[in-house]
């Protein structure tokens, strides 16, 4: 069986209990594909880090607000004054620099060094199409998959300009289905519990953009699932968190913990049917 790991930003930490469920049962997926946060965690899991390793790493990194801020500043593209001269964007960060600081120590440099076949899904900005990256340098592929428009700088790789894969394939079930007989999809978008609730005031610019992206992501995911349905669709209950709530990692992991047992039951059922 294979794993399709979805986007979701900080909500994607809810994927970790599913990885721990595989470890609990001693089952190894034959293939993994991931988009955005799903690509970050999927690549690390394919490299041999356990779900428990990733949980410990996330909790250690994101418990220190000052350290996180320092990492973001180090990965920043441009200077504040450049914003007004059109020379850069002080908000955007470099995805490869970001991964160098936030990924576990010991990540391999190339796809060929992974223990499990892995594909990172990104969007080809100029061709307006999907890019499936499964060979060559690993860090640039995953950086492309997480290049959120307006926040993370696009990645140029093999002559392509690539951005976050959530705009083309939020949970890449179809990619995994080409390598595995059964596919477990992990949807960390939080669509079951929208983060933004109606108040008396209009949403601010960030909230409006965030909700627009969420609407697109949900509709695209449903369309993809209709054409290539997963055998199991797991959705950790993380919708009360925002995509940028990285400093809430402990709370997100606690909220997602029930999906671990649900995943174990699903894996058992698939194994019995194979």
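Using N, Cα and C of the backbone, Cβ positions are placed for all residues, glycine too.
Those TrEMBL annotations? Automatic predictions, nothing curated.
Since the structure is predicted, the reported quantities are computational estimates derived from the model, not experimental observations.
Marked as domain 'PNPLA' by TrEMBL: 3-177.
According to TrEMBL, the feature motif 'GXSXG' maps to 34-38. Taking Cβ pairs closer than 8 Å, the motif 'GXSXG' (34-38) reaches residues 4-13, 15, 118-121, 145-146, 148, 164-166, 169-172, 186, 188 in its own chain, all 6 or more past its ends.
Feature annotation from TrEMBL assigns active site, nucleophile to 36. Sequence-distant neighbours of residue 36 (active site, nucleophile) (same chain, 6+ residues apart, CB-CB distance under 8 A): 6, 7, 8, 9, 12, 145, 146, 148, 164, 165, 166, 170. The secondary structure of residue 36 (active site, nucleophile), as reduced to three states from DSSP, is coil rather than helix or strand.
What TrEMBL lists as active site, proton acceptor is 164. According to its DSSP assignment, residue 164 (active site, proton acceptor) is in a strand.
A mean pLDDT of 98 is what the model gives for the motif 'GXSXG' (34-38).
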